[in-house]
4 protein chains.
Amino acid sequence: MSYEIKGLNEECGVFGVFGAENASQLTYFGLHSLQHRGQEGAGIVSSDGDRLHQHRDRGLLAKVFADEKDLLRLTGDSAIGHVRYGTSGNNSINNIQPFLFRFHDGDVALAHNGNLTNAVTLKRDLEDRGAVFQSNSDTEILIHLIRQKQNCTFIEALKQSLNEVKGGFAFLLLRKDSLIAALDPNGFRPLSIGQLDNGAYVVASETCALDTVGAKFVRDVQPGELIVINKNGMKIDRYTDKTQLSICSMEYIYFARPDSIIHGVTVHNARKRMGKLLAKEQPADADMVIGVPNSSLSAASGYAEELGLPYEMGLIKNQYIARTFIQPTQELRERGVKMKLSAVRGVVEGKRVVVVDDSIVRGTTSKQLVKLLREAGAKEVHMRISSPPFKFPCFYGIDISTRSELMAANHTVEEMSDLIGADSLGFLSIPSLIKAISVKGGADYPNGGLTVAYFDGKYPTPLYDYEEAYLTSLKSQQEREEK
Amino acid sequence: MSYEIKGLNEECGVFGVFGAENASQLTYFGLHSLQHRGQEGAGIVSSDGDRLHQHRDRGLLAKVFADEKDLLRLTGDSAIGHVRYGTSGNNSINNIQPFLFRFHDGDVALAHNGNLTNAVTLKRDLEDRGAVFQSNSDTEILIHLIRQKQNCTFIEALKQSLNEVKGGFAFLLLRKDSLIAALDPNGFRPLSIGQLDNGAYVVASETCALDTVGAKFVRDVQPGELIVINKNGMKIDRYTDKTQLSICSMEYIYFARPDSIIHGVTVHNARKRMGKLLAKEQPADADMVIGVPNSSLSAASGYAEELGLPYEMGLIKNQYIARTFIQPTQELRERGVKMKLSAVRGVVEGKRVVVVDDSIVRGTTSKQLVKLLREAGAKEVHMRISSPPFKFPCFYGIDISTRSELMAANHTVEEMSDLIGADSLGFLSIPSLIKAISVKGGADYPNGGLTVAYFDGKYPTPLYDYEEAYLTSLKSQQEREEK
Amino acid sequence: MSYEIKGLNEECGVFGVFGAENASQLTYFGLHSLQHRGQEGAGIVSSDGDRLHQHRDRGLLAKVFADEKDLLRLTGDSAIGHVRYGTSGNNSINNIQPFLFRFHDGDVALAHNGNLTNAVTLKRDLEDRGAVFQSNSDTEILIHLIRQKQNCTFIEALKQSLNEVKGGFAFLLLRKDSLIAALDPNGFRPLSIGQLDNGAYVVASETCALDTVGAKFVRDVQPGELIVINKNGMKIDRYTDKTQLSICSMEYIYFARPDSIIHGVTVHNARKRMGKLLAKEQPADADMVIGVPNSSLSAASGYAEELGLPYEMGLIKNQYIARTFIQPTQELRERGVKMKLSAVRGVVEGKRVVVVDDSIVRGTTSKQLVKLLREAGAKEVHMRISSPPFKFPCFYGIDISTRSELMAANHTVEEMSDLIGADSLGFLSIPSLIKAISVKGGADYPNGGLTVAYFDGKYPTPLYDYEEAYLTSLKSQQEREEK
Amino acid sequence: MSYEIKGLNEECGVFGVFGAENASQLTYFGLHSLQHRGQEGAGIVSSDGDRLHQHRDRGLLAKVFADEKDLLRLTGDSAIGHVRYGTSGNNSINNIQPFLFRFHDGDVALAHNGNLTNAVTLKRDLEDRGAVFQSNSDTEILIHLIRQKQNCTFIEALKQSLNEVKGGFAFLLLRKDSLIAALDPNGFRPLSIGQLDNGAYVVASETCALDTVGAKFVRDVQPGELIVINKNGMKIDRYTDKTQLSICSMEYIYFARPDSIIHGVTVHNARKRMGKLLAKEQPADADMVIGVPNSSLSAASGYAEELGLPYEMGLIKNQYIARTFIQPTQELRERGVKMKLSAVRGVVEGKRVVVVDDSIVRGTTSKQLVKLLREAGAKEVHMRISSPPFKFPCFYGIDISTRSELMAANHTVEEMSDLIGADSLGFLSIPSLIKAISVKGGADYPNGGLTVAYFDGKYPTPLYDYEEAYLTSLKSQQEREEK
């Protein structure tokens, strides 16, 4: 949420349904509750049992389907949908998912949440064998891999292909008569299955989408699984046994909606525990605790509760999305920030304030926050972050791939505190983060089944195409720290 | 805020600035922070010292000014702007403000927040004297009244006209060389003056807009005042001495942004006190307290604090605005509700929950809320309302003019509790409401300077065109209660 | 037609129908065939017998009604419509007609083709009496005049008002139960009545619109007439007897569609006769005759026929309207011209060409034409104009009000020929123009019932607000000629 | 032109430029003059020497580039563009050209005018080898064929691929450093090369586009040629020697603009000769000759000249494109026709009229024409067609592929005359058609270098995927004729 003021963005949300009337409408509802996972584009592909139908465009879901006819045209009992975050250079409509491919032997649609770490290599190999790509997206690679397989069924070709792609992925595929879901061997991205009253199956990036469409939670898709849903029901299959749960901890820290339940853990509750543990590790002598809306409110309330401090509403987020085009002068640019977030003078004036945020990426937002609170009269501003310092990029689906942008990769906590202008700054420790989340079955895996590489640089997989860049940045980090 | 799920809507927000470069851009920023006061249309008129320039359209501010050129065209150092809520039949672009009138002796623009109670009578009289109206809006009446005055200055004509219109109004007028603000004799609607660092004056419906543009608060406009701002500075004048502060209590209860300060009272703090007094009057035996986002979170935290109960995030509001066009079946319609609000299963499951809301209008939202919480596993749902039962319509600027729609006008509290399906229901008393708000200078006036007519039916002014309708509805209310 | 390459534009076309199902659709068809009279905006107002419904917007008719729902919303059995040419500064949607005024005693809609010569004076007087105008249009004046009349019927008030406005006008008014048409005392603008098979009456600026909707021609509206159509049929009334037919000769020369019949004269035939008479007066020794598409093709064929020369297609007009925004360099600007008109090399190469055009306004188009033909290989280019030199502005509905723009007002024919680069140049004489047109009943009036003031400066009426400007320009003309 | 009233549509126009500043603007101008070849979609791809940039969308060129920024974004000194006609089911933006493909070894863009006759077979083969298509277009096949070639240069791969595709094609390809043009072995579609004053080369479907951008004609691309333009200039190469000029005669009859010169023949002149020969073969006893605007005016003037009859403007085409959505009743549908074409009553009333049209496809337009003229008072209507009866479909780029739609395939001339309601009907003979056109170098080839298969069914190439369908339809034709 509050994506405008973060330098960090989840790449996608996916939703699928099989066997329900008005499948595309249900998908619209489901995607709406996943909108926080991507605001740059949206699309739906439905199947009427014979042909697949597609509509996709740039912008928020409500804009993409502003004309009701575009949704009603997507007839049939099954559908998949996608909401997408995209970097500026790539916002061609060609890159908006689900992709729809029409073959003489049947249509296939494809939606993807994640990031492939060997995409460059695979794409080059495929092109050298004659493949023609029409998007910049990693996602298109999978369909080319599948089509290159000869003399085997679609499912066999898909399984082989899933063993060739590396990195983080939650794939949904739609064919005229089936819906298929697949998760990477580490389960980096969340993917849950639900069921409607009429028995129809639903698959979604987060359980909040299941709730929205009235589906009961059935199970999380597990690493390495391949789920095939057709008129005979749901079949749980695997394309590999070499799995190790390493779900992205940023889903709990920042991305997911508070009401979602991922691997048995309600996101809000995890955040509240982070806040409590943060209070124990990094207490502050203050008059009140406030959170940065909306993603840090849970942690802030936990922090306040643990220390017995009042939990106040000291910052207000404007619920309307502002166009930020108009910034001829520095003065107007600063006003732009205030269009998104406001400090409540009547609350913070003359007070020593702890402000809890979920993370520091580039540090610019934190600096503005402190300034905003001081201008509103706060006597002291103590910043507390409900996650460890963010030092290493993500290669599994979060759009940060250079370390140079990460404030914590380049500064000590003391330096950061000075740079953002806070009276003090404190972070949660990695062990406390793991403890706060503690996913179902996590005990069987390193780091309790979580990826914490953003904080310690220990990635659970080889990095393939990114390996070299990573090592370079790591080395420069070590050099800096040795100084 | 959360206007989609309420049956109650403020009609407008106004913003004006005089003497600042990029006046229209500042107005854009200011209007953005007033967007919660009206989402149906927006407009800005600027003055370049000679001519006035206008742009207005239907929809949210960001849509109206989606093309930056439309804003850059509005050159000059002064501007007024308006955001508008409008009922469906009236959403012609003709009704979107500010209105701009071009006369051979100079342009005049006009923006209005409020509702005139003698509009029908005035309009008919003016038409009989040859006036030609082009909008359905009350607002246009003022300019006709002004132009009918002969042999007097514009300000004199304006003062006479302000004595002829009745009801609630905060007017902003822009001429090529001045910005004028006027408030009705009861000060029903809020209007505040601020000042930028360069000395330029700013006028806005709420102080949150002053903060957004970086203006320091100067003073609230007082009932009966006429403020004239030009190159010589600000002149505080009056058009009447027959005033009595009766500011709309719904501004504190529901409409205004929590960070706004109205007549010396921070809205968040007033709401928190309402929650505390509600807890004293209507305690509940429960495991936790949750608030309905966003407008009831302050009151809920006060309620929780008073009773020492945990304050939890049990309801999530989707920050993205959903199109609600798609509702072929009852099942899909219910999904529609869930697109806006979600219960956090991991928080409320198995718990006795107090849910605090700010008001009950038609009761439909409350009923859905209770259902949502029960479906998420809440064991008990106790609803507490941080204002008294809403029984009587508003005639001063809120879009409810028939009592038949108001649940509390037609049912006892017990009946209401049953109808919405809650385990218990409790309202704040009128004296506690007044105590919680206690505006600056309010002690000199009935009800502490507040209008509480929505709760007790005692309107602080004659109702003019609405008198008959009101008496009829009152009578039917009395008959019902006698039964 | 070919409006893009002319500096001269008719201001409007009007269409009305009473007593036909789908009245707004018929009006859409009718306006489509009048689109050549105005491309800047379009609108329709319909009456369902109780209320009037309006839709209008900037742009071509097809764009204004791009969404079919906007037309279907305009229910009822009667309607009026308007297409409008507007100068750049005035293209606010407020100025697009028909205007719709809602009064407590009934709605009135108004559409106007023409130009009032005392508009400034009337508007100032009305404003001084309290009137509030919301458009820049002359047209709005009529409704204010009507509403100022006390103690009389609408028709009486209208008649009085029509005697107060001066200049050229063809007005259509729609009320809930009647359609009213009125023409100025000189009949400057054309207006015809037709009848559908079901008896419904149709009124239109040109008969081509009657043909398009399948209406049979009934009669031309005569100067000073007031036509009232309601469920009792059509009543022909007058508001004045002081009339003198002086129809604008430019309608025949340039504006009207060739298939329209105005005062008994088919426009194409009049043009062909102009061409024949031009050939007699201004013959040329050449290999072929070509016309400038589309408005000069008739005259060119007459010219060729008279001299026995081949009539060839030497110029092609691109039927698609080009955006002309892209002109970073002079070279690209010249390409822009070529996007509209092309010379046919295979026809003109090596030939002595007579090119017939209908008029020279600023001369820029003529100059480009000659250049185009020479570049395509024409050996000689003789330009012949099928009307007299255009020296004096029009004040009755054509958008040229300063003489300084008119090439013929500032140069002799020899100078003009040199300036445009032609080998020779010749114009039609005024007597031949009158002879070529010879309208029905024209013999009873000066100049055969035509206005030829554009050529001789003898206006058939006082010029009111324009008098002074005209005398000034006339004087400078005489001074120039005396030199 | 007048595409709305024909059942026959050219599929495309292409334009390319290499080595000129503002290449994309020049392409915009060029495409504008080719707009008559396709109105359903348009696009441009430019090269800045490093990367290719694309913009494309549905609709007319002016709409596609309504926002100037979309054109300015297409930087660089070379560009190709495309205008497209598309059948309803295929109007996805994916099908709009130029296609842009990004490979790790460089971007390639592709634009195509024509139709491949072995597309189905090729596509199926390619898919079976793993190819993934994203459009329904034949055009995409070429890039897949190219990329399947191993161990050869791009030009070599292109040459091989051009030998594999069959049918009619004029291809433009853009790479970062070169512009490539290729024409099919029969030269079914026109393609011309021009040169700007600065030496930059231009390639276009018709010479009218060369004129528009100010380029001098250099030469027609010949069958089997491959033209490579880069910074070293233009190189004329061949991919095959098995060529035989068979240019589509419909280009001269109907599609091309009158001012275009194709294989040495000015289209207008060819049409005029067709009219003259038609007059000799099919004279008529009549008072005048009129043409159907715009494509038949040349032939009509030739017909009139030959017989010494007056050539009149008896039909007017509305230059504005009408939306035709609104046709609730049969009556309104007929009005729809009249929105496009009007008869000039003042010209045809009481007269014996010869109306010359260029072709009869389904016959519906002809029937309406006759009706229109009779309603306008024509005493006799003699229809003359300046081409032979259209009996056989085109497989090389015109969108008619079933014979059942062709009136002349199913009726004798007498039957046709009765069906359309004419007093007489006559067609041009095939030998006269060939004589009228007589292209440069045509004497060396069958039918003077023209394809006249639409009239005699003798196709100059095998039909591949269409063979079977063609034989079936031929057989049913023969059976019908034997009866």
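Heads up, residue numbers simply count up from 1 along the chain you see.
Cβ coordinates are placed from backbone N, Cα and C, and glycine is handled just like the others.
As given in TrEMBL:
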- D:Cys12: active site, nucleophile (ACT_SITE)
- D:12-232: domain 'Glutamine amidotransferase type-2' (DOMAIN)
- D:Ser295, D:Asp357, D:Asp358: Mg(2+) binding site (BINDING)
For the Mg(2+) site built from D:Ser295, D:Asp357, D:Asp358, further residues of that chain with CB within 8 A of the site's CB center: D:Ile253, D:Tyr254, D:Gly291, D:Val292, D:Ser296, D:Ala299, D:Val356, D:Ser359, D:Ile385, D:Ser386
Per-residue Cβ crowding (10 Å cut-off), top of binding-site residues D:Asp357, D:Asp358: D:Asp358
DSSP state at D:Asp358 (Mg(2+) binding site), helix/strand/coil: coil
Those residues of the chain, 6+ apart, with a Cβ under 8 Å from that of D:Cys12 (active site, nucleophile): D:Arg37, D:Gly38, D:His82, D:Val83, D:Arg84, D:Tyr85, D:Gln97, D:Ala111, D:His112, D:Asn113, D:Gly114, D:Ser205, D:Gly397
PLDDT averaged over every residue in the domain 'Glutamine amidotransferase type-2' (D:12-232): 93
All-chain count of other Cβ atoms within 10 Å of D:Ser295 (Mg(2+) binding site): 25
The residue listed as 'active site, nucleophile' in three-state DSSP notation: strand
